[in-house]
């Protein structure tokens, strides 16, 4: 094991990375709070500023994937589709099977210049998570409780508000509603059988309300839907902790572009279109499992230096005073100060671990079990 590889496994290094991310995130959240005064003066300027502030935070996680772990992301698509990336508003449909699927998506948004303006339809619980939810609030992320009767007006209003967004926007939908697990898959397929829908092998039954509403509200703004099917070579199941330990993965992403005008305007027909899309996604996963590749040309968009430079900037700004302060505490010889400092370090470690826990599959929601309970 080389020295760099050894450093990647050390807890103190992870703690320092987490410290930079958390403290820089809190600083960014405070700056975002201050930008609220810009909204009534110049809404579009407010949005552009917040896109760049969000980029400064999220790109630190992308840096971990690209530069720290060295994970490679390969696109399987066609040249015409790749040439549209970063040049239009789109809706992204991504399978929700892995702890870091969002991070692979962020890598692609960064490489095509739309990381700061990327959006997602997110569960409302995340709004109260420091850094994650707070940053998304200022980015006008659409939050939902995942109870359509309560969400309908909120979701429609949030989507319509994005119609004049000044930066090219990739709006992510996890149509399955929750991460894939064997238990949720079994329940989902029982629901599919009860509704006379085709069963899926590698996906949960897609929830159509969010998709059809997004398509209806964003017509005239969004140009296309990108269907993305993600898998990892070697049947790996990566985690954010694995990335933090420097483990390298190879992600393959099959991307297909569907012009929005090709998607039916009628809600029922659009829902049927989505179900058909997920049958095709299932077939793509089956092909990948058998052949180890997706169909289409292979593209490897080059990583950009900005994520690394951004992290180095924050590390320089925040770690220098931390080291100076820590040295001063231990040099003082005061047991009280030393205990207080160690307590701060412990609290920081706990906070970082809780943030990582948000991405873990076993910590996922019980969403998806409700249909089964209704059947019983």
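The backbone N, Cα and C atoms fix where each Cβ goes, glycine too.
According to TrEMBL, the protein carries these features:
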type     : residues : note
DOMAIN   : 90-212   : domain 'Phospholipid/glycerol acyltransferase'
TRANSMEM : 12-41    : transmembrane segment
TRANSMEM : 308-330  : transmembrane segment
TRANSMEM : 336-356  : transmembrane segment
Please give the average pLDDT for the domain 'Phospholipid/glycerol acyltransferase' (90-212) in this predicted model. 90
Work out, from DSSP, the number of helix, strand and coil residues along the domain 'Phospholipid/glycerol acyltransferase' (90-212). 58 helix, 17 strand, 48 coil
